[in-house]
């Protein structure tokens, strides 16, 4: 029963981590971190991402323009680019490392300690990837809220609002965190059967030694 639970935790953990990693990549390149709806022209909507700004018009369609200067971007967008790249790399590394630590993989089956360490390392990498996804998404959301309620800006000026990418990024970050937790819990579960097995073998060897000496009671 413990073995089935351990495998199930590994499967769910790696599945959630993979889902979070894919969604973090989508969040990185999706040009919908911020949305701007113009009240004066309801047929025109603006969106902004980390790499480009787009305008959506019913007659023309979607037109996007890449940001020309990295240094010309606001601080939250510059740091978000770096952190999202870091999250994508850590997520990929976590998948590779934790994949070799899964029980269903026959490679290194006899080296249980190595597989346990790989699972723990993979879980830590997923944790770090989740944090580096949640930080930029939450930072951009915080700046958006501040600018939306800024009283120094005239009410007639349109305000940026949350885009779909922020919600996808939050879901991706929490999926990576939860997947890393499950992998670390599964890694801790792997030691229980091994510990009991080693104890049983040691106890059997002790009893054999007493039988060879002609005594069955250890206290004799």
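Cβ coordinates come from backbone N, Cα and C, glycine included.
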Annotated transmembrane segment segment (source TrEMBL; candidates 55-76, 165-186):
165-186
Under an 8 Å Cβ to Cβ limit, what residues of the same chain, 6 or more beyond the ends of the transmembrane segment (7-30), are close to it?
49-51, 84-85, 87-88, 91-92, 94-95, 98-99, 102-104, 119, 122-123, 126, 129-130, 133, 137, 163-165, 168-169, 171-176, 178-183, 185-186, 189
Beyond the flanks of the transmembrane segment (118-145) by at least 6 residues, Cβ under 8 Å:
10, 13, 17, 20-21, 24, 27, 33-34, 74, 76-77, 79-80, 83-84, 86-88, 90-91, 93-95, 97-102, 160-162, 165-166, 169-170, 172-177, 179-184, 186-187, 190
